[in-house]
Ligand SMILES: NC(=O)C1=CN([C@@H]2O[C@H](COP(=O)(O)OP(=O)(O)OC[C@H]3O[C@@H](n4cnc5c(N)ncnc54)[C@H](OP(=O)(O)O)[C@@H]3O)[C@@H](O)[C@H]2O)C=CC1
Ligand SMILES: Nc1nc(=O)c2c([nH]1)NC[C@@H]1CN(c3ccc(C(=O)N[C@@H](CCC(=O)O)C(=O)O)cc3)C=[N+]21
């Protein structure tokens, strides 16, 4: 079997077109969605994401602020900026790019973001609401994975989904959202014994570990749907996923490429969260 590509870039583009009308509606009610992105330090990969978020804001007609702070920014200063953005009426979404420099406690910063502006969905209150199943801003990459599966008509209910990775940003929340869609979910991580025995049972395999080309066909059941969340920069400057694309594509039914798979959905879900936050803050449904 040769896999069909799940074209995240095309799905993201279609979603953005759909969103433009909603943005216009909001604008005619006098509201322009506003997103603030804060980045501390010079990590080149982070700079790329931040620029791409800014570009998407402009494309959709959002107000966008990017705060680039030096590596030696103090925690107090960053908390002060978050406080200012919390109070700023033209900002509906706040994203502080992770990871932060070691001298800043990430938890303190995330906790300080106003929950109604937490477009990353990382605040403990957002996470709690997600677990309970209450309405909340969902973390962007996990929400993007679910959206991609739905847009490709992949049945989730009753299927066995296996997730490799258990980070707060990807692995844990994507497992939870798959379970919410009625999958039976197995979570794997670096201490999982006999991982291949588990992954070979997966109807849907989600990989988020951060190791280039780690998953080859020996992990995959023939016909499985494989979602590659990994984004790894190789020495030659190219991007690679956590999944060995050419090898796995010969055995899976659907597979996401890197780049052009989950990444574009992440940014689109961030835009959707910002839109949702703006509507809520202004009581517009
Ligand atoms: N496309 C997108 O929009 C996004 C992509 N990413 C990418 O996704 C990848 C994962 O990111 P993130 O979750 O933040 O990474 P983390 O490093 O926070 O987490 C990695 C997880 O993978 C597990 N793991 C590591 N090695 C193995 C292994 N050999 N076998 C099984 N499990 C393993 C770890 O296990 P343990 O807990 O035991 O240490 C951990 O739970 C990265 O490549 C990142 O760049 C991230 C966010 C967004
Ligand atoms: N607070 C916070 N929120 C995040 O959501 C967050 C973060 N910190 N830190 C870093 C990770 C990583 N991340 C990506 C987003 C988009 C692409 C993306 O669009 N990638 C393109 C390729 C981009 C390129 O060419 O470099 C693609 O896969 O097609 C990748 C990775 C968000 N993250």
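Positions of Cβ are set from backbone N, Cα and C atoms, glycine also.
Taken from TrEMBL, the feature domain 'Tetrahydrofolate dehydrogenase/cyclohydrolase catalytic' covers 6-120. Taken from TrEMBL, the feature domain 'Tetrahydrofolate dehydrogenase/cyclohydrolase NAD(P)-binding' applies to 139-280. TrEMBL lists 165, 166, 167, 231 with the feature NADP(+) binding site.
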> Can you list which of these binding-site residues (165, 166, 167, 231) have a Cβ closer than 6 Å to ligand 2?
Replying inline: 231
> Do you know the DSSP helix, strand and coil residue counts for the domain 'Tetrahydrofolate dehydrogenase/cyclohydrolase catalytic' (6-120)?
Replying inline: 61 helix, 18 strand, 36 coil
> How far apart, in Å, are the two Cα atoms that lie farthest from each other among 165, 166, 167, 231, the residues recorded as binding NADP(+)?
Replying inline: 16
> Mean pLDDT over the domain 'Tetrahydrofolate dehydrogenase/cyclohydrolase catalytic' (6-120): what is the value?
Replying inline: 95
